[in-house]
Amino acid sequence: MELWCQSFELDGIGFVRVPEGAYLEFYIDNIPFSMEYDVLIRYEPQLPDHWEKATINVYRPGQIPPSTCQCDPQGSLSSVCDPNGGHCQCRPNVVGRRCDKCAPGTFGFGPTGCK
């Protein structure tokens, strides 16, 4: 992960203090294949009304290659993942990026979905 900013001060591992009027832009480009991951942005304004002025944008630089999803053949409708989100198309009541588990409150994972 690389960080760019007009100027910043590291606050600890993974923490950055961005001064007023500056911006923080970062790229995550070292993930070798489509997978689930979380990015947490914790915004702590100096004054209470400043949080309303924060703008957060998330961009995907390109589409995810269809071979990277590893869709479960029983739980998914096809082996091709969504090029914009990287998720497989799941059968009824099936969830997960790979369509590999029943939705909460359902059971019977199989080729027709879950009940």
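Each Cβ is built from the backbone N, Cα and C atoms, and glycine gets one as well.
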Disulphide partner cysteine [TrEMBL] for Cys90, chosen from Cys99, Cys102: Cys99
Please work out, from what TrEMBL records, which of Cys71, Cys102 forms the disulfide with Cys88. Cys71
With Cys81 as one half of a disulfide in TrEMBL, pick the other half from Cys69, Cys102. Cys69
Alpha-carbon distance [Cys71 (disulfide bond); Cys90 (disulfide bond)] in Å: 9
Taking the Cβ of Cys99 (disulfide bond) as the centre, how many other Cβ atoms fall within a 10 Å radius? 24
Between Cys99 (disulfide bond) and Cys88 (disulfide bond), what is the CA-CA distance rounded to a whole number of Å? 6
